[in-house]
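Before any comments, here is the structure.
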Amino acid sequence: MNPLNSSLQFPGKFNPFQSKSQLNNQSPDWGSAVDKTEKRPQAKENAVTQTNGQWMKKTRRQDRIHSELSRVIKEESRRTRRHRVILINKYRLKTFHIKNDGESKTKLMAGVNKKVVSLALEIDGLMNRVNEKRLILDRQREENKRVLQRYEQLYHDIQNRYMYE
């Protein structure tokens, strides 16, 4: 019986604060002489006592272990998920920068190649002009040599003519 409510009095033998075992042991008050208390099977009592004993301790311990493991797994999965997201973003950014660097370097190389080709064409043109000028100068030099030889010949002829006169 509940000590807090023991002062309450109820008519008859019914008390709502009685335990189930006390209620089952009472016979109804309507005059039947049949004893309604029946014995419970032994297995049920063993099951009831087992839930309070070692078996319940074992299940509670397993539940604690299970809850601890599930908490650790959730925490680790959350941490690894965050870490994975961080790594994905980090390497996505790195690949973006590498890709942009590669694109900018290819653009730079394309510009450099264009400049090299234009410089090569310009140098080739300059070399052709230099070769043409050299050929022109060589021709002029040859012409000048011929002219000099002619003048020398004329000079010698003139001197020879004055000597014999």
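Glycine too: its Cβ is placed from the backbone N, Cα and C atoms.
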Annotated range (TrEMBL: coiled coil) out of 45-83, 123-161: 123-161
Mean of the pLDDT scores, which run from 0 to 100, over the coiled coil (123-161): 94
